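These features come from Swiss-Prot:
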- 8-108: domain 'Fibronectin type-III' (DOMAIN)
- 109-139: repeat 'ANK 1' (REPEAT)
- 143-172: repeat 'ANK 2' (REPEAT)
- 176-205: repeat 'ANK 3' (REPEAT)
- 209-238: repeat 'ANK 4' (REPEAT)
- 243-273: repeat 'ANK 5' (REPEAT)
- 277-306: repeat 'ANK 6' (REPEAT)
């Protein structure tokens, strides 16, 4: 029996283009008998797909094997690619097909595009995405923020209006329970705060720590926002559900901002309110060494004689925590409050 005669390879046809997406291209080839795997592997034809480098005008192998289909992945959207097929015979001879050119498709609109448009304050792109109807307006980003939350936090008032007009829910919350109004109050964006209030945002909403928008506005320290919130009817002495702190208590604990504290007190905040542990704003200000705030609270009627749950007063606390400047202040105030002894002649 004569040995099988291997014919030299003829020039193959270019690979056929199958399914094309924004990041992949399917290529396949049908070479009749050459694709059949008969006999030992050394008698099979081997196929390679090569991709052209448009800058260097060279080719790189992206697939080699015995299959008749390959999906090229990890491609860029709307980009032209050129491929050729290399067929290698069992004897090692090879032939190349003509080139085939194919472009990937446009990347489909997704939630990432929505959040990207908001992040860079691109009004036109945001409108186009929303008008396309393929992306839900309230889909959160990877941090759990809706597009409205991001726009409110950044102070992009025009984007806020676009999102609200397209049906976004102004009362949605992120993973920590904060809504768009809280974020805008903390960041000090008064125009956004006013707009959200007109469209249903509530002062009563609470985050997971039980804090309201006024607690966050106090932390942010933006007096114009706080002043407007008070005029709009926001409760001044609202208590969080965690520590039992009012906004004034948070000022004493966090920033020590005298202007914010003064605004709250003038609007009716109780300077002698107690938290769950019996501490007053004055005690908390002393512990955090906010000397000027301590002075303000005393001037506004804070009672320095109040004791906490352990029977300790503010002067004892200041000494224990070595708040020397506060100790001096409290001692000076105490001296001034002592009644003068009458002179006996």
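Heads up, the Cβ atoms here are built off N, Cα and C, so glycines get one too.
Note that this is a predicted model, so its numbers are computed, not measured.
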State the residues, same chain only, that lie 6 or more residues beyond the ends of the repeat 'ANK 4' (209-238) and have a CB under 8 A from a CB inside it; answer 'none' if no residue qualifies. 176-178, 181-183, 185-190, 193-194, 197, 203, 245-248, 250-251, 254-255, 257, 259-260, 263-264, 267-270, 273
So, by DSSP, how many helix, strand and coil residues make up the repeat 'ANK 4' (209-238)? 17 helix, 0 strand, 13 coil
Grab the same-chain neighbours of the repeat 'ANK 1' (109-139) for me: Cβ-Cβ under 8 Å, and only residues 6 or more beyond its ends, written as numbers and ranges. 146-148, 150-151, 154, 156, 158-159, 162-163, 166-169, 172
With the cut-off at Cβ under 8 Å and a gap of six or more residues from its ends, the chain residues touching the repeat 'ANK 6' (277-306) are 243-244, 246, 248-249, 251-253, 256-258, 261-262, 265, 271, 313-315, 317-318, 321, 323, 325-326, 329-330, 333-334
For a three-state summary based on DSSP, what are the helix, strand and coil counts in the repeat 'ANK 2' (143-172)? 17 helix, 0 strand, 13 coil
Stretch-averaged pLDDT - the repeat 'ANK 2' (143-172): 98
Secondary structure of the repeat 'ANK 5' (243-273) by DSSP, residue by residue, totals 16 helix, 0 strand, 15 coil
